[in-house]
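Q: Have a look at this one.
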C-alpha cells in the first residue's frame with residue numbers, strides 16, 4: 001500500500017497542496033514552454049475541448065464500429081479468413097506508435113502532431129471506404145491506426161495541459177465520456193449502416209468529424225511554439241529506440257494474431273520465431289532506453305514511481321476487461337438471439353447510459369472531494385461485479401433482463417475509465433515534460449491492454465467453440481441430431497455463423513448453447529483481468545487534488561510530496 005501517501009482527512013491549512021507553488025509555475029511542458037503557458041479559458045477552452053473530444057470520438061467509434069460489419073465485408077471480398085486483420089491492422093499500429101507520440105509532440109508541438117495525426121487518420125479512413133479488396137482495406141486500417149496513435153495520445157495530453165490539475169477531473173470526465181460512449185455506440189452505428197446503407201459509411205463517417213475537429217483545433221488552440229529549429233527538433237527523437245520498440249511490438253503482436261486466428265499452431269516455427277524476435281527487440285529497447293538513450297521514449301523518472309506503474313496496470317487490465325465483453329456481446333446478441341445489427345446496437349444502449357452516468361458522476365465527485373483513490377478502489381471492487389452480471393447471460397435471457405445486466409457493466413466502465421489517468425497525473429515526476437511522458441505511458445498501457453485482450457479473446461472463444469462442438473459431435477445421444485452434425489466442421493462456424501441456420505431448430509438450439517458457453521469463457525477471462533485491476537488500484541496514490549487557490553503562494557510540500 002502507498003503508505004507514504006497517507007494524509008489526514010482534515011489537513012491543516014498550511015499543508016494543503018495548492019496550484020500556485022513556485023515549483024509548478026516553473027515546471028516545463030517539455031518543449032521549451034512552461035505548463036502555465038498552455039492553460040486556456042473562456043471560449044478558447046470550450047472550442048479546444050470540442051476539438052479534442054471530437055478526435056477522441058473518432059478513435060473510440062473506429063475501434064468498435066466494424067464489429068457488426070466483419071462478416072459482411074469478408075463475404076463481399078471472398079476473404080472471410082482475413083476479417084480479423086481489419087481490427088488487428090488498426091490496433092497494431094495504434095499500439096506500436098503510441099510510445100513514440102509523446103516525445104514527438106514535445107519536439108514538434110502538440111497542435112502540429114495532432115493535426116498530422118488527424119490527417120493520417122482521415123486518409124486511412126478514405127482508403128478503407130474506397131477499398132476494392134481485403135488487402136487494400138487492411139492497408140487503410142493500418143494507416144488509420146497510425147493516425148489514431150497520435151490522436152489518442154495527444155488529445156489526452158492537451159486535455160491534461162489546458163487546465164490546472166484542480167479543474168482537471170471534469171475535463172478528464174468529458175474525455176472518458178467521449179471515448180467510452182463512442183466505443184459503445186460503435187456497434188449501433190455500424191449496425192445501422194450495415195442494415196440500411198453500406199458498410200463503407202462506417203469509414204466515410206470519420207471524414208466530416210475529423211474535418212470539424214481540425215478546424216476547431218486551428219481556431220482555438222494556439223499554444224506557444226516549441227523552441228528550436230526544425231533540425232534541432234529532429235535531433236530530439238531517439239530513432240533507434242523507436243525502431244526497437246516498434247519492431248518488438250510488431251513481432252509479438254503478429255505472433256499473437258497468427259496464433260489466435262488459428263492460421264498457424266501456437267507451437268509452429270513462425271509463431272515461435274516471431275515471439276523470440278519480438279522478445280529480443282523488446283529487451284534491447286529496455287536496455288537502450290533506460291541506460292543509453294539521450295532522450296528516452298519511456299522516462300526513467302516515470303517508471304520509478306510505483307503509483308504510476310500501479311495506475312498503468314489498472315488502466316491496461318481495466319480496459320482489457322471492457323473491450324472483450326464489448327466485442328463478444330455483439331456476437332451473443334446476433335448469433336444466440338438472432339438480432340439484426342441495428343437491433344443489437346439498440347440492445348447495447350443500457351451500457352452506453354451506464355458509461356455516461358459513471359463518467360459524469362465520478363468527475364463531479366473528484367472535483368468536489370479532491371480525492372481519487374476512493375474512486376479507484378471502488379471501481380476496482382465493482383469491476384468484477386459488472387463482469388459477474390454479464391456472466392448471468394444465457395440463451396433464454398430476455399431483453400428486459402439484459403437491460404439490468406448491461407447497465408452495471410456500463411457504470412463501472414464509466415467510473416474506471418478516467419480515475420487511473422487522474423491519479424497518475426498527480427504523481428507525474430516534477431521534471432521537464434513529466435506530465436506528457438506520464439500520460440503517454442498510461443495511453444500505451446491502455447492500447448496494449450486492448451490489443452492483447454482482443455487477440456486473447458479470439459483465442460479463448462475459437463478454441464472453446466471448436467472443443468465444445470467436437471465434444472458434441474462425439475457424445476450427442478439423439479441419433480437425428482447426431483446425424484445432422486456428423487459432418488459439421490467447427491472451424492466453419494467461426495468463419496460464418498450463417499451455417500448454424502442450415503440445421504433443424506433443435507440442433508440450432510443445442511449449438512447456440514455451445515456458442516453461449518464459449519462467450520462465457522471470454523467473460524471469465526475478463527473477470528480475471530478485472531480482479532488484477534482491482535488489486536493494482538489499491539496501490540494508487542492517496543494524494544488529494546490541489547486546491548484552486550490563486551491567492552496562495554505556499555510551496556507544494558508535505559501532503560503533496562508522496
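Note that Cβ sites are derived from N, Cα and C of the backbone, with glycine treated the same way.
Predicted automatically and left uncurated, TrEMBL annotations should be read as such.
According to TrEMBL, the record shows the following:
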- 1-17: compositional bias 'Basic and acidic residues' (COMPBIAS)
- 48-545: domain 'Major facilitator superfamily (MFS) profile' (DOMAIN)
- 1-29: region 'Disordered' (REGION)
- 45-71: transmembrane segment (TRANSMEM)
- 83-102: transmembrane segment (TRANSMEM)
- 138-159: transmembrane segment (TRANSMEM)
- 171-195: transmembrane segment (TRANSMEM)
- 239-258: transmembrane segment (TRANSMEM)
- 270-290: transmembrane segment (TRANSMEM)
- 302-328: transmembrane segment (TRANSMEM)
- 348-368: transmembrane segment (TRANSMEM)
- 375-393: transmembrane segment (TRANSMEM)
- 405-423: transmembrane segment (TRANSMEM)
- 435-457: transmembrane segment (TRANSMEM)
- 522-541: transmembrane segment (TRANSMEM)
Q: Give the one range among 83-102, 171-195, 239-258, 302-328 whose Cβ atoms make the most pairs under 8 Å with those of the transmembrane segment (45-71).
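A: Maximum Cβ contact count belongs to 171-195.
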Q: Are there at least 3 C-beta pairs under 8 angstroms linking the transmembrane segment (239-258) and the transmembrane segment (138-159), leaving out pairs fewer than 6 apart in sequence?
A: no
Q: Is the transmembrane segment (270-290) packed against any residues at least 6 beyond its ends, judged by a Cβ distance under 8 Å, and which are they?
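A: Sequence-distant neighbours of the transmembrane segment (270-290): 238, 240-241, 244-245, 247-255, 258-259, 264, 296-298, 300, 303.
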Q: Looking only at the domain 'Major facilitator superfamily (MFS) profile' (48-545), what is the mean pLDDT?
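A: Across the domain 'Major facilitator superfamily (MFS) profile' (48-545), the average pLDDT comes out at 85.
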Q: Out of 83-102, 171-195, 348-368, what stretch is closest in contact terms to the transmembrane segment (435-457), meaning most Cβ pairs under 8 angstroms?
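A: If we count Cβ pairs closer than 8 Å to the transmembrane segment (435-457), 83-102 scores highest.
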Q: Could you check if the transmembrane segment (375-393) is in contact with the transmembrane segment (522-541), meaning 3+ Cβ pairs under 8 Å among residue pairs at least 6 apart in sequence?
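A: Between the transmembrane segment (375-393) and the transmembrane segment (522-541), contact is present.
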